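*Asks:* The structure's right below; bear with me while I get my questions together.
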Amino acid sequence: MTKKIAVFPGSFDPFTNGHLDTVKRASRLFDEVVVAAMTNTSKKPLFSSEEKLALISESTAGLPNVKAMAAPKRLTVEFARSIGARFMIRGIRNVADFGYEADIATVNHDLDPEIETVFLLADKQYDALSSTIIKEVAAFGGDVHRFVPAPVEAALYAKLGDAHQTK
């Protein structure tokens, strides 16, 4: 029987508890989940590719069928095909996410009809969570521990200054 391999692509800058929740749920559905740190050409990343991989790996260490990989600059479906993945995981927080992700899923299906996009609805506690908001909160010294895994929290404060600790 063929292994069911899924890719969960994203810029993960930073990797959040919402991302982690999606990965945990996907890990129960698939034999292997590859968290693919992608390059988003429209964003200036806070973390390097190597830092993202380390943070994702630390955050998912308790999930034996999950691994983090850096995806080269190419289409996500091409990356998925190159590692034998037949499923692409996308987390959906709200209606706006669904519209955007449905459009991408349609294009991905046109590019490779063998790769299915699977939408996982975010737990309601994560539906307003975004990497951008988390970086903003951390930059102004806000407490982000409930929004990100512990390794990411430490890395955020190290990158953005430890304003939270001085309060």
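Keep in mind that glycine also has a Cβ here, set from the backbone N, Cα and C atoms.
Sharing the feature lines straight out of Swiss-Prot:
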type	residues	note
BINDING	SER11, LYS43, THR76, ARG90	substrate binding site
BINDING	SER11, PHE12, HIS19, GLY91, ILE92, ARG93, GLU101, TYR126, ASP127, ALA128, LEU129, SER130, SER131, THR132	ATP binding site
SITE	HIS19	site 'Transition state stabilizer'
*Asks:* Nearest to LYS43 (substrate binding site) in three-dimensional space, by Cα, is which of the binding-site residues ILE92, GLU101, ASP127, LEU129, SER131?
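*Replies:* That would be SER131, nearest by Cα distance.
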*Asks:* May I ask which residues of the same chain, at least 6 positions away in sequence, place their Cβ under 8 angstroms from the Cβ of THR76 (substrate binding site)?
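*Replies:* The list for THR76 (substrate binding site) reads VAL7, PRO9, ALA36, MET38, MET88, ASN108, given in order along the sequence.
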*Asks:* If H, G and I count as helix, E and B as strand, and all else as coil, what does DSSP give for ASP127 (ATP binding site)?
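*Replies:* Where ASP127 (ATP binding site) sits, the three-state DSSP reduction gives coil.
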*Asks:* Looking only at SER11, SER131, the binding-site residues on record, which one has the least crowded Cβ, with the fewest other Cβ atoms within 10 Å?
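*Replies:* Relative to the other binding-site residues in SER11, SER131, SER11 has the fewest Cβ atoms within 10 Å.
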*Asks:* Measure from the CA atom of ARG90 (substrate binding site) to the CA atom of HIS19 (ATP binding site) and give the result in Å, rounded to a whole number.
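*Replies:* That comes out at 10 Å between the alpha carbons.
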*Asks:* Measuring Cα to Cα, how far is ILE92 (ATP binding site) from SER11 (substrate binding site) in Å?
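*Replies:* Pair distance, Cα basis, whole Å: 15 Å.
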*Asks:* Counting other Cβ atoms within 10 Å, pick out the least crowded of the binding-site residues GLU101, ASP127.
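*Replies:* Each of the binding-site residues GLU101, ASP127 was scored by Cβ atoms within 10 Å; lowest is ASP127.
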*Asks:* With Cβ-Cβ distance below 8 Å and at least 6 positions apart along the chain, what are the contacts of LEU129 (ATP binding site)? List them in sequence order.
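*Replies:* LEU129 (ATP binding site) has long-range Cβ partners THR16, ASN17, GLY18, ARG93, ALA122, PHE147.
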*Asks:* Tell me, how many other CB atoms lie within 10 A of the CB of ILE92 (ATP binding site), whichever protein chain they belong to?
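*Replies:* Taking every protein chain into account, the count is 18.
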*Asks:* Using a 10 Å radius around each Cβ and all protein chains in view, which of these binding-site residues has the most neighbours: HIS19, ARG90?
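*Replies:* Top count of Cβ atoms within 10 Å goes to HIS19.
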